[in-house]
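Some features that TrEMBL has for this protein:
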- Glu24: active site, proton donor (ACT_SITE)
- Lys85, Val105, Ser139, Ala140, Asp141: substrate binding site (BINDING)
- Asp137: Mn(2+) binding site (BINDING)
- Lys158: active site, nucleophile (ACT_SITE)
Amino acid sequence: MIPIVRSDEVTTALAEGAAIVALESTIITHGMPHPQNLEVARQVEADVRAKGAVPATIAVIDGTLHIGLNADQLEALSQAKGVAKLSRADMAACIATGGTGATTVAATMIAAHLAGIHVFATGGIGGVHRGAENSFDISADLMELAQTPVTVVAAGAKAILDVAKTLEVLETQGVPVIAVGQDMFPAFWSRGSKLKAPLRMDDPADIARAHRMRAALGLPGGQLVANPIPADAEIAAETLAPIIAQAQNDATRAGITGKSVTPYLLQRIFELTEGASLTANIALVRNNAQFAAQIAIELRDKG
Ligand code: PSU
Ligand code: MN
């Protein structure tokens, strides 16, 4: 038996067949500093509700898998120290040993699917890191998208990654990558990149239909919806390029490897941009939550 607890709101939504949007918790514990992380977590939930869907923030707390957190749990998680970062590899062990951990994109997809939730909003997915030809650092998020049927809305992949290689792995893994409102694959803090997205769909109803068609065809896996950051919140790629390079150098010099790489780079870029990266990050996560809610509603209505 899996020790799993659904929030009251999620329990009701599942019983009524309401639209639900899963939200990850690593962005809270490892992606943003306190107290902004808590404000954003609350705001993103409010954004999902304002669009007519129910939010389900996912985390493992004291060995229980929670689908939807109450206000106290969210607050405790936002301040907790030493919370594990859970991906596919560590989720079962954390639950089995009574641990507490935040779920990455991969682990959130697994939990959402288990709970019967089909749509998930986040900021950026993990991908192929720069220098992966030497480090072999490729996020488990990519392989999860290939095998777990959840549609994930993200603002593309950030330039701390090798975006071209990330798109290649997604193609190899058979993951549909769908840009929204433009042909270019968005680059997280910036709307554009030099890379064209393989697919484009501007209407959430089309994305919902494609999600259902994948299942009908018997294809495992989900979809990556690449939703560009709102224009008024973007940071120019040229502005960020030297900052990312510096953060990367710092990571190499500090000997950061494995799971610590992404959180380290996010924190370093936050410092080097004096918080501007966080402001942009908040705008894009909220935008993704709102769009994910629209997809979830389309899935509910025509599912
Ligand atoms: N990218 C972001 N913010 C984040 C993450 C990625 O812009 O918070 C988090 C997500 O939880 C993602 C994880 O699933 O980092 C990827 O970590 P890794 O690169 O170690 O797989
Ligand atoms: Mn990694």
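Cβ atoms here come from the backbone N, Cα and C positions, even for glycine.
With a CB cut-off of under 6 A applied against ligand 1, the recorded positions Glu24, Lys85, Val105, Asp137, Asp141 are reduced to Glu24, Val105, Asp141.
Each residue contributes its Cα atom, and for Ser139 (substrate binding site) and Lys158 (active site, nucleophile) those atoms are 13 Å apart. Taking the Cβ of Ser139 (substrate binding site) as centre and 10 Å as the limit, one finds 25 other Cβ atoms among all the protein chains shown. Only Asp137, Ser139 of the recorded positions listed as Asp137, Ser139, Asp141, Lys158 bring a Cβ under 6 Å of any atom of ligand 2; the order follows the sequence. Considering only the residues assigned to substrate binding, Lys85, Val105, Ser139, Ala140, Asp141, the longest pairwise Cα distance works out to 13 Å.
With respect to their backbone Cα atoms, Glu24 (active site, proton donor) and Val105 (substrate binding site) stand 6 Å from each other.
Those same-chain residues not listed among Lys85, Val105, Ser139, Ala140, Asp141 yet with C-beta within 8 angstroms of the centroid of the substrate site C-beta atoms are Ser87, Arg88, Thr104, Ala106, Ala107, Ile125, Gly126, Glu144.
In the structure shown, the C-beta of Lys158 has more C-beta neighbours within 10 angstroms than that of any other entry among the recorded positions Lys85, Lys158. In the three-state DSSP reading, the residue listed as 'active site, proton donor' counts as coil. Rounded to a whole value, the Cα-Cα separation of Asp141 (substrate binding site) and the residue listed as 'active site, nucleophile' is 14 Å. Under 8 Å, Cβ to Cβ, and six or more positions away along its own chain, Ala140 (substrate binding site) finds Ser87, Arg88, Ala89, Thr104, Ala106, Gly126.
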